Amino acid sequence: DPPIAPTVLLFPPSADQLTTZTVTIVCVANKFRPDDITVTWKVDDEIQQSGIENSTTPQSPEDCTYXLSSTLSLTKAQYNSHSYTCQVHNSAGSIVZSFNRGDC
C-alpha cells in the first residue's frame, strides 16, 4: 500500500484546564500509513524533550491506516505566552500545525 501522510489537528487546553496548575496541548494525527511516524513538539521554536506522551492506535481494518495522539503537558505558568508547534512526519511527508497563545 502506498504511504499516506497524516491529517493533523492541534488542540489548545480547554477553558476548564486553564483554572488548574497543569495544562495539556494535544496533537492528533489521523489516517496515516505506515506507522513510521515521529512527532516533534516545539515551544517558541525550541524542541521539547519532556512532558510528552504518545499513544498510537492500531491500524483500521477498512483502510489499514493508523491514528496517533501526542500530549504535551505544561504548567499553567509555562503556557502563558508562547507559540506551540506539533510537527508530524512519516514516509509520506511532514505536516506542521501551530498556534500562538497570544492569539487565543
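Any Cβ shown, glycine's included, is placed from N, Cα and C.
Annotation source Swiss-Prot lists domain 'Ig-like' at 6-100. Marked as disulfide bond by Swiss-Prot: CYS27-CYS86.
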(request) Taking the Cβ of CYS86 (disulfide bond) as the reference point, list residues of the same chain whose Cβ is under 8 angstroms away and which are at least six residues distant in sequence. (result) VAL8, LEU10, ILE25, CYS27, VAL39, THR40, TRP41, SER70, LEU72, VAL96, UNK97, SER98
(message) Taking DSSP as the reference, which of helix, strand or coil describes CYS86 (disulfide bond)?
(response) strand
(request) Calculate the per-residue pLDDT averaged over the domain 'Ig-like' (6-100) and state the result as an integer. (result) 95
(message) Summarise the domain 'Ig-like' (6-100) as counts of helix, strand and coil residues per DSSP.
(response) 7 helix, 57 strand, 31 coil
